[in-house]
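Report on the following structure.
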2 protein chains.
Amino acid sequence: MSKNADVTEFVALTPSAKVKAARHGWRAKCLQRLIRLDMPVPETLSLPVETVRAIAAGVMPDTAAMVAHFGEDFLVSVRSSPGNPEWGGPGTVLNVGMNDAMHRKLADSHGQEAADALYLRFVQSYAVHVARLDPDMFDAGPGPGALNEALAAFETEMEAPFPQDAARQLAEVLRSMARAWEGTTARLLREAKGAPPDAALGLLVQRMALGVGPGVCGSGTMQFVDSVTGMPRIMGRFRGQSQGRAAAQDTFFLTRDPRGGALEELAPAVFEELRHYGAICRKRLREEMQIEFTVEGGRVAVIDAVRVARSSRAAVKIAVALAEDEVISREDALLRVEPRALSELLHYQVDPRGPRDRFAIGIAASPGAAVGRIVFSATAAQASAARGEPCVLVRRETGPEDIRGMHAAVAVLTERGGMTSHAAVIARGLGLPCIVGCSDVQISWRDRSLRGPGGRMFHEGDQITVDGTNGEVLVGAAEMLEPALDDGFRTLLRWAETVCDIGIRANADTPDDARTARMFDADGIGLCRTEHMFFDEDRLTVMREMIFADTANDRRVALERLLPMQKADFSALFDIMAGQPVCIRLFDPPLHEFLPHDREGLRDLAEALGRPLSEVTRRVEALSEFNPMLGMRGVRLGVTVPEIYDMQARAIFEATVEASRRGAPVVPEVMIPLVSAAREVEIVKTRIDAVAAAVRTEMKADFAYRLGVMVETPRAALRAGEIAEHAHFLSFGTNDLTQMTYGLSRDDAGRFMSAYVNQHVYAEDPFHILDVEGVGELLLMGASRGKAARSDVTISVCGEHGGNPESIAFCRAAGFDYVSCSPFRVPVARLAAAHFALLAPRNRF
Amino acid sequence: MSKNADVTEFVALTPSAKVKAARHGWRAKCLQRLIRLDMPVPETLSLPVETVRAIAAGVMPDTAAMVAHFGEDFLVSVRSSPGNPEWGGPGTVLNVGMNDAMHRKLADSHGQEAADALYLRFVQSYAVHVARLDPDMFDAGPGPGALNEALAAFETEMEAPFPQDAARQLAEVLRSMARAWEGTTARLLREAKGAPPDAALGLLVQRMALGVGPGVCGSGTMQFVDSVTGMPRIMGRFRGQSQGRAAAQDTFFLTRDPRGGALEELAPAVFEELRHYGAICRKRLREEMQIEFTVEGGRVAVIDAVRVARSSRAAVKIAVALAEDEVISREDALLRVEPRALSELLHYQVDPRGPRDRFAIGIAASPGAAVGRIVFSATAAQASAARGEPCVLVRRETGPEDIRGMHAAVAVLTERGGMTSHAAVIARGLGLPCIVGCSDVQISWRDRSLRGPGGRMFHEGDQITVDGTNGEVLVGAAEMLEPALDDGFRTLLRWAETVCDIGIRANADTPDDARTARMFDADGIGLCRTEHMFFDEDRLTVMREMIFADTANDRRVALERLLPMQKADFSALFDIMAGQPVCIRLFDPPLHEFLPHDREGLRDLAEALGRPLSEVTRRVEALSEFNPMLGMRGVRLGVTVPEIYDMQARAIFEATVEASRRGAPVVPEVMIPLVSAAREVEIVKTRIDAVAAAVRTEMKADFAYRLGVMVETPRAALRAGEIAEHAHFLSFGTNDLTQMTYGLSRDDAGRFMSAYVNQHVYAEDPFHILDVEGVGELLLMGASRGKAARSDVTISVCGEHGGNPESIAFCRAAGFDYVSCSPFRVPVARLAAAHFALLAPRNRF
């Protein structure tokens, strides 16, 4: 066995030893911290990563010297110490050093039974993990004769007696653990958890704290907060006469419990000592730790301490509590909560501690969980809501006609669609739990039934639970956790706001949306889509009259009937937002979206309009389009049928004057959609300015407004300089911009997007994660050209991407003024923005 | 009347006088040239533009000095001399200087009748154009007493006798002409012809050559080529005892004619003198000129010479003849033919000399004219073609299902659509005369009739003429001119090829297209769309089986049946192109284009496939898309259903080996459509390379091929650098790129494009004229990024824009290697490219 001074080094963990996590692993580092805090950590040697790598390559350190280091009664555990606790590592091997001599010695000091158990346990581990013998041959529980059987089996298989030399035992254990780390499966597993390809392992050789023997003996774990709620509470387990992390059965409780004996009663001094160590950890390690300990004859040994595993709501609670106790700074508290985790807190969740009877699984499209009875149509959903019965709307896929059904439902489940399907987008906007693309189920409209895997059937009225957080459909009513919009959550958001250096607005179409936006302290409304306002039944009729008007004048008459309704819409929003900015996008969709396409609908429409069916059919056909996404919509309607924008502008301005009289002054933002040429903006601006002037005169009131452009065609991004000359703000509509940059319809992409992402054709679904390379370049070009032409132009993003941490990082780096996202994404966006503000410097134009 | 040395200048037109067109107008310049060529031009004074401008502003030159200049017998004409002959100008005023004294003098020398006529003519012009009296009062023809009546009427109206002072007459005539030029109507008219707002006028005062009196007297025009054909031929007219351009009636012929007397016989010396002058003009002015002349007592005076008006075919003939006679250079000959004019030569044209009974007018979508009987369906067109009867396919609009009907028709007429509608694009590709957007007519399918303006009706089988050059539908069979693909045309194209510094390829899908491409000496095929190949009935059935295949294997079996057909398609193209490059675009359209959508079609399909109707309907519905343009097509099919591209690649490579064995070696170019990410190219390339390797082995042959990408999504342009790493060539598909950059579907834009262009929202229809600012920037970015990543990458444009002179200029300037356009556009593109090569330096990357 060759030796080398560099790669066979090991160090004793003393308070002054040089121990770094990168070289010795996180566990070595953590143990040294505990030692420095004067905790009773058993004597430990640390083998740094080079030593372990050398062992795997066959170059052994001097194990005899290690044995000598521990002195006469050599009995140790070998534990792994990877660079990061997430990466796993080979399991601990206990009782290295056990041999016939030590067995006899322990029988004298701790009793025969304890000595047998310790030796047996080591023989078993050694046989299986080091000698790689069949585990079945060594699975006998402790009992008379078991030890001798195991030693005999070992000798038969290995054709040699069980090794008695402690140095050799230790060498073999170290080698087997070092090699296990290099195995392909272990590498794949840790890489799946984010470990780099060269992730290294340190090993620890620690004197055994036995946990067996006379007096109070045993082992356990202890933590001081609830992993689910984050509230202060002592949790854990203790098992007498046990070593390491024993099985959960036969467990004692730590604190007094009606179900049985507890450490608190059995050994109050031990219990208090552990509590004391917990408090020290929290204060000095600045974290809630779970302590692993052993008690031997009433003496406590702290074997290890790990960060308490925690739910999202617990993470918030713990971070805020630590900061409020001034253990950590508020900035640290913010950084300790993963932004995406916040979305879990906004909704009811299925309690992870309850039973789950999973029926099917689909794409988790909108987080949160809800229990309701199955309905198969928007009408049924509304009827159910009217009866006060929570319902889940189950559809093959949803369309604009389902919106009111979605409002009435507590959750949505669709057989088709992806993360950016209609159902998913609307549900996220409404904060409604939603599962899409649930191809596990088949909907039968005729039978009003849902057939799941294995032929399991559900019918209309059956109760299910939709878990939109992980995409699972559960049978019946699962146990639920309430939303955690508590003080901790609010405090964290408030702290985030103080450090956040990019605005976070909400996309809000309705008063409910606006109230949610306010609740989450959004910096205003970044996108109010007005077209949803025309789908109410009474409005739809007028809209259709407008569409069928023969002259501009008839059109104006119909629009005049819509004016008070639109004005009421905007008044409500202005009142709720109380002076905060509200950006209203003018009418965007193609008119044919407001027309029926089936025979029955056409007949009804003809009757309602008092026109012959043939004429109605012809005109509906004439309005239909090959590619509606690229058709007669947005500003193209604004230019060719200007009466619609005239009416909307008037509604906005009249509402502005009235709301300003009632409360805070309103400066509305009016946004023109689908612009592709600066001249479009000029034309619309001229008319809107005229409407504003007229309203000022008629209402004898002055008001300002800001006119802007939704940049959602590649050409608008390219020509942003010219466009900005007529615009106070440019807001990138990344949904449409992505569609056009890729030449990819969101509605049609579902059929191949998963294949594309699986084959890494696209790194990510670009409708879900902003395509920084392509669409992102257009954003950067548009923003810099806009700013160059007009330095005070406001730049923002208002697409679905707005709430994603990746997009926020991108927009901050590019100097955008704000992002806008669905109201329920505001907290996530806010916290993500706070993280970036704390971690990265901000570039400005 | 104030005087100013600068602005009252006039100069005598002598050989040495300083006369510039910019200052004196084109006519002054031209007359001086004639004088320098020793032609008998009457004595002439030129008033430069400043002088004329001053006159309009009331500052008069010294007209008495002018009168003095001409000496005793002052009798002159005043003619306009604008900067450009196209701009028009006030009409010539003859006989200025006529008064009672001159009248008497002329009566003695030329006879009473001639003297009366000359005086009357001047009084009439003066009264109407200078004194602005009612023309009706002065419209009496020459006759006894007419002169006295006119003089009396003038005196009554003006309350003063007709002015007798020649200097005053001249001053008033000059003033009236100078002011007429400044009038609003005159300005609008000339600006419509391209004159700048500050276009200036010069005036000429020329001694009258009387054309009346004893001996051979008269006036006329003469030219030496045919204005329609461009062939050498003496044309023009001569009228005895007349002044200026007399009315065409009572005209003598120049040359001997069975219909009556001719100048050639009447005065052979005069005739020969004029021929001589014509020859001098052609040689020294280097142009075919029309000479305006007067003969007075056998003496010829050359009054003017203008460039012969000419048809497009005449323009080509004249330019080539001048160059072949070494009067001008070949380069000059090229520059003298307007590229767009060439397209007229490629087709039959309605003879402009024949009668036209116009029935309706629409958008001239594809040039040329054809006569045929009306049919209302593709089937009827095919039946008509089978009977050998030329037919015109009349449809509301066309779709892929009409392609074979279009092949069978001699012309196409649609009620709807614009320059880039399906009908227009396909017709241009086929070189078929086509009128689209003919909203003048209403098609009744039920009656098989066509109702035109004023209720005029046509029925199936009625004969009409479609003039696709100017958009007119004519009743019956109009007189036609044959295509002029004669020697002159071929010679010009050959010369163009020698100077052209950018490649011109043709888009060709069929052997006919390819033959046309060869006929016009295209530099290869730049775009062969393969999808048209699948619409033949026998192939369509197999395609549908392929689409309905349940497994990849079933799909492969169906595709194997298509393989020999595809291979035959490519073999034919390779053979015709004889080693020139052929760029084949892999399958592009969405699969649902190959499926029926009406009930009957679905039923037939279900029967043909032996599957239940419900299943067929469901699968057809599942394949339908919201925005097919942005859906599952192009490389997205290539990645997700790779068997189609595999089959196509095999067909291409097998055809390559066989064609190379038969003739010139073929290096096929394989182009991937709708790419938006480099990885798509990598994936397809790997499979195609594998197919190539397999074909090499199986056929024991080696061959090369070039793989390229059709850049038609904005993202592909942005990521062109990455993409070029896997591509030998990048070809911009500007049709789709325009759609996506604008977010504008070509199929749906027709409904508002004309409103948009009329309101100057878009300067031009971007599907017709390349949008240099938006789409153009993406072209430049894509090209430069592609070249930066791979310096030998070939860059081209293969969209509809490829053949437009504007796009060619853009692509040349940007260093593109070639443009590709429909075969019938190749000559236009070639000549335009030659023009740019002669006029502008070429930038290279």
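Including glycine, each Cβ sits where the backbone N, Cα and C put it.
What you see is a predicted model, and the numbers here were worked out from it, not measured in a lab.
Same-site candidate for substrate binding, as annotated by TrEMBL with A:R585, A:E712, A:G733, A:T734, A:N735, A:D736, chosen from A:R529, A:R650, A:R790: A:R529. Rounded to a whole number, the distance between the Cα atoms of A:H422 (active site, tele-phosphohistidine intermediate) and A:N735 (substrate binding site) is 12 Å. In sequence order, the recorded positions near chain B (CB to CB under 8 A) are A:E712, A:D736, out of A:H422, A:E712, A:G733, A:D736. Note: the Cα of A:R529 (substrate binding site) and the Cα of A:H422 (active site, tele-phosphohistidine intermediate) are spaced 15 Å from each other. Here the domain 'PEP-utilising enzyme mobile' (A:389-471) has, by DSSP, the following mix of helix, strand and coil residues: 21 helix, 26 strand, 36 coil. For the pair A:D736 (substrate binding site) and A:C798 (active site, proton donor), the Cα-Cα distance reads 11 Å.
For the pair A:G733 (substrate binding site) and A:C798 (active site, proton donor), the Cα-Cα distance reads 5 Å. For A:R585 (substrate binding site), the same-chain residues lying six or more positions away in sequence with a CB closer than 8 A to its CB are A:L527, A:C528, A:R529, A:T530, A:M671, A:I672, A:P673, A:M710. Proximity of A:T734 (substrate binding site) to non-local residues of its own chain (separation of 6 or more, Cβ distance below 8 Å) is seen for A:E712, A:L770, A:V775, A:L779, A:V797, A:C798, A:G799, A:E800, A:H801, A:G802, A:S807, given in sequence order.
Cβ neighbour count for A:H422 (active site, tele-phosphohistidine intermediate) (all protein chains, 10 Å cutoff from its Cβ): 20. When secondary structure is read from DSSP and collapsed to three states, A:R585 (substrate binding site) falls in the strand class. Cβ neighbours within 10 Å of A:C798 (active site, proton donor), excluding its own Cβ and spanning all shown chains: 29. Highlighted in sequence order, A:L527, A:P673, A:M710, A:F732, A:L737, A:C798, A:G799 have their Cβ within 8 Å of the centre of the Cβ atoms of A:R529, A:R585, A:E712, A:G733, A:T734, A:N735, A:D736, the residues recorded for substrate, and are not part of that set. In three-state terms derived from DSSP, A:R529 (substrate binding site) belongs to an extended strand segment. For the domain 'PEP-utilising enzyme mobile' (A:389-471), the model's average pLDDT works out to 88.
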